[in-house]
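The following features are taken from TrEMBL:
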ACT_SITE  LYS33  active site, proton acceptor
ACT_SITE  TYR242  active site, proton acceptor
BINDING   ARG128, MET291  substrate binding site
DOMAIN    221-344  domain 'Alanine racemase C-terminal'
MOD_RES   LYS33  N6-(pyridoxal phosphate)lysine
Amino acid sequence: MSTARLKINLEALAINWRNLDSRTNCETAAVVKANGYGLDAGRVGKALAEAGARNFFVAAAEEGIALRRALGPGPGISVFSGHMDGDAKLLKDFQLTPMLNSIDQMLRHFEALPGHPFGVQLDSGMNRLGMEAGEWAAVREIALGQGPVLLMSHLACADEPDHGMNAFQLKNFRDMTEGCDLPRSLSATGGLLLGPDYHFDLCRPGIGLYGGAPYDGALPVVTLEVPVIQTRLLAAGETVGYGNAWTAQRESRIATIAAGYADGLQRALQNGGIQAYAGKTPCPVIGRVSMDLITVDVTDLGADPEVLTLINEDQTVDRMADAAGTIGYEILTSLGHRYARTYSA
Ligand SMILES: *Cc1c(COP(=O)(O)O)cnc(C)c1O
């Protein structure tokens, strides 16, 4: 079988949630958008619910369907994109709570689903989603009269603790919400780590649960093992792969493994000096990353491996991201559909 295996450690995920939760005195929710950062929102959500999470966030109402089915009727599921045209039935049928982000959405929600729970998203400076201070001031009394379950905003620079934007947004959020006497939420993983000023009543970590920066203390959650399809001997001077991108400087053994950029192992990784691990032993990835295949120099192993590991605790999602010139979020959410995902608890 040439399918690579993506192993997801649900115990590590649960520990990451508990450890983040223990850093605050507020509620810790869990962000499971983009199918649980690529790891399966249902599986991830269930494991986090067992760990103690009571509230979950997704990006789009459609993402709430599979999650609700996995979680059952109890836990809260909130939708960052709010109440879009055509969402009413989904929101109602699957008990999803839209985080309304404009006056238009608010009017739509009150008309289509009167009495249905909602939250309000405020823009504290990121200029992405949410009502600005002026809009909020205009509709605040009306909105509060309908009993929102949460007032939330989002930080633009929380992964840079010293960035002045953090304090600026904190002040704006306070100014907009002070005196409302409602649950408030400002922080994702980065903001949670900034300390108690940023915690309010609920934090919304995503990436930290899945083992990624900026949460340095996170346990790695994913391991990626890729089968070797073929191993061959090259004479010095022979080349490997598209564009003859690598030339053997000595007699070399080259293993070809069954994953490529179609599986989310971005082509840019070929420039990053990443390794493929035979157990604990690193072997250099060489040549171009092709659609379904990657080539690895296993000369120094002394034996031909059957499988090589690309993501493990030595070469984390963040290390892969650095090598590809991106962030761990993108590596995780790009992990391909061809992988056989296995879950351990
Ligand atoms: C994605 C997202 C989160 C989670 O962010 P992480 O950096 O992954 O912890 C929280 N809140 C909002 C509004 C988001 O879009």
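Each Cβ is built from the backbone N, Cα and C atoms, and glycine gets one as well.
Where the annotation comes from TrEMBL, it is an automatic prediction and has not been curated.
As the structure is a computational prediction, the values presented were derived from the model and not from experiment.
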Densest Cβ neighbourhood among LYS33, ARG128 (recorded positions), 10 Å radius:
LYS33
Spatial neighbours, same chain, of MET291 (substrate binding site) - Cβ under 8 Å, 6+ residues apart:
GLY260, TYR261, ALA262
Calculate the distance in Å between the alpha carbons (Cα) of LYS33 (active site, proton acceptor) and ARG128 (substrate binding site), and round it to a whole number.
17
Roughly how many Å separate the Cα of ARG128 (substrate binding site) from that of TYR242 (active site, proton acceptor), to the nearest whole number?
41
I'd like the Cβ neighbour count for TYR242 (active site, proton acceptor), meaning other Cβ atoms within 10 Å of its Cβ, all protein chains included.
11
Give me the DSSP three-state residue breakdown of the domain 'Alanine racemase C-terminal' (221-344), ordered helix, strand, coil.
29 helix, 47 strand, 48 coil
Using DSSP with the three-state reduction, classify LYS33 (active site, proton acceptor) as helix, strand or coil.
helix
I'd like to know the mean pLDDT over the domain 'Alanine racemase C-terminal' (221-344).
96
